[in-house]
Each structure stands twice: as C-alpha cells, then as structure tokens.
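The annotation domain 'Aspartate/homoserine dehydrogenase NAD-binding' is assigned in TrEMBL to 7-118. The NAD(+) binding site annotation in TrEMBL covers Ala121, Asn177. Per TrEMBL, the feature domain 'Aspartate dehydrogenase' maps to 155-240. The active site annotation in TrEMBL covers His205.
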Amino acid sequence: MRIGIIGCGAIANIIISNITSEDSGIDVVYFFDSDIERAENLAELANGIAVLDFKDMLNDVDLVLECASPDSVKTYAPTILEHGCDMIIMSIGAFMDKEFYMKALKIAKDNNARIHLPSGAVVGLDGIKAVANFNLEEVNLVTRKSPKSLGKDINTEEVLFEGKASDAVKKFPFNINVAATISLACNQDINVKIIVDPKVDRNVHEITVRGDFGEFKTTTMNYPCSTNPKTSMLAALSAIKLLKSFNETISVGM
Ligand SMILES: NC(=O)C1=CN([C@@H]2O[C@H](COP(=O)(O)OP(=O)(O)OC[C@H]3O[C@@H](n4cnc5c(N)ncnc54)[C@H](OP(=O)(O)O)[C@@H]3O)[C@@H](O)[C@H]2O)C=CC1
Ligand SMILES: O=C([O-])CC(=O)C(=O)O
C-alpha cells in the first residue's frame, strides 16, 4: 500500500521512525507540509518525495494520512476523496461540523473511498462503539494537561472549558480531537471538561460511560510528544497500528 502524508510534524515523525515496509506492507512515499523544509526533512529520512502541492501525490497513492490540522482536513479531504484515495484522519475535530461530515461521507461513498479515524490518544473506543446503541445515560471526557501542553502561563489548576465536544474542538482545535472521536463513536455530542493542571506532566484523558450495559471508566495517562507537548505519543502509535492492521488476516478487538 502506497501512502502520502499531509503534515510533517510530531505524529508524522513518530510514524516514520517506527514503521518499515517489511513489517507493515506500507510504503510511505509522499510528504506534504505548508513548511516545505519539514516535508523535505521527513522525505529524506523515509527515502520518499516531498511535494509542493498535495495534489501531486494523488495519482500515485492508495491512502493519504492527514496529521496536520482540522482546517487542512476541510481544505484537502474533498479533493483526496474525489480521487478515490482512502484517508486516515488525525484531526478528527473537523468532523464535528455536521455539514462537512455529510459532505465528506457522500464524496467518499460516491468515489469508493474509505475514511479511517484512529482511536488516537484515548483508550476505550472499542467499548464505547459496542454500547453506543444501548441507551447511554452519560458519556463524559475530562482532559487534564499541563500549562505547556495547553499553551498557558499559569501555576494554579483551572477549568478552561466545560461544555459540549462540538464547542471544545472549536476552542481547542489542537488539544481535544479525542472528544470528537468519542462523540462520533457513540453518536452523541459528549460532555467535555478541560483542566489545565501545573501538577501533571502527562496528557490525561478520563472517560466515563454509563448506560443499560453498566458502566466503565478509562484513564489514559499519556506521555506528550517531545516536539509537540499538545500531542500524546499514543496518537501516533494508534495510527501505526491502524496502518499495520490493513495487512492482517486475523484482527483482534475493534
Ligand atoms: N486524534 C487524536 O487523538 C489526536 C489528534 N491530533 C491532531 O493531529 C494533528 C497533527 O498533530 P501533530 O503532528 O502533533 O501536529 P504538529 O503541529 O506537530 O505538525 C503538524 C504539521 O502540519 C502542518 N500543517 C498544519 N496545517 C497545514 C495545512 N493546512 N497544510 C499543510 N500543512 C499543514 C504544520 O505546519 P504549521 O506548524 O506551520 O502549522 C506542521 O508542520 C493536529 O491537528 C492534532 O491536533 C493530535 C493528537 C491526538
Ligand atoms: O494527544 C492528546 O492527548 C489529545 C489531543 O491533543 C487531541 O485530541 O487533539
């Protein structure tokens, strides 16, 4: 499978450093970034090709992996899907815009393309998907990050946001894509609290789900990426696992 990457930052660098075509059947060939130097550096590392225009990769890839920004999804995904290329999208917050979601869905269906949204920086999506249609009374996400991760200069704990996921992704587009992933998995605009906490050095996501099935809670205490503290390492690792799973005969879990 031939892949092109859009966005050559923290997630892309972890993916390239941890995936080989021998163990995955994946060839990451093209690299695009608004900063061409970043695309060139990563292309050099991966023995690939940096492109000045994302369209230059579309005739030669099976799948485009977006790890750039929610705006980039809205700008590039329609053209990519029209080409019949599959996509993995990390900036999942873009899909909380219902109109855009429906548009992307239609283009993908019309062009026989698939859109994959990895579990990213949280655990528990398997369970959330399983119980989604069984009368959920409560789905909550509490995210706790350091001032560095949230770009704040404060030394006391503070609730920065309390509300719905659809608002959270607008106010914190680079910190709370996981709220969109959970919302899409259970088909609800979930409740989100974002806390800046000087006592933590992890990106912590606590999910609580309650309904007819019972209740579960998951806590993910992520190490942030060294080059981008907003982003957890697990986000990149989940994309790597998803890429490798395309080549599996037996798949375990969801
Ligand atoms: N689903 C999940 O669980 C998670 C999702 N994410 C999301 O994944 C995305 C990538 O994260 P990460 O690798 O840490 O981000 P980085 O900021 O480290 O890298 C993103 C790169 O993409 C570039 N870029 C941004 N917008 C565009 C655009 N429109 N066209 C071309 N290049 C662009 C950036 O350039 P510049 O810096 O100049 O903007 C930067 O070089 C982010 O949107 C992030 O919020 C992150 C963590 C978890
Ligand atoms: O990586 C994380 O911990 C979560 C994150 O930034 C996001 O969901 O956008």
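Placed from the backbone N, Cα and C atoms, the Cβ positions cover glycine too.
A TrEMBL annotation is a machine prediction, not a hand-curated record.
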Counts by DSSP class (helix H/G/I, strand E/B, coil) across the domain 'Aspartate dehydrogenase' (155-240): 25 helix, 33 strand, 28 coil
Those recorded positions in Ala121, Asn177, His205 whose CB falls under 6 A of ligand 1, listed in sequence order: Ala121, Asn177
Structural state census, the domain 'Aspartate/homoserine dehydrogenase NAD-binding' (7-118) (DSSP three-state): 61 helix, 18 strand, 33 coil
Rounded inter-Cα distance in Å - Asn177 (NAD(+) binding site), His205 (active site): 12
Cα distance (Å, whole number) from the residue listed as 'active site' to Ala121 (NAD(+) binding site): 8
Three-state secondary structure, Ala121 (NAD(+) binding site) (per DSSP): coil
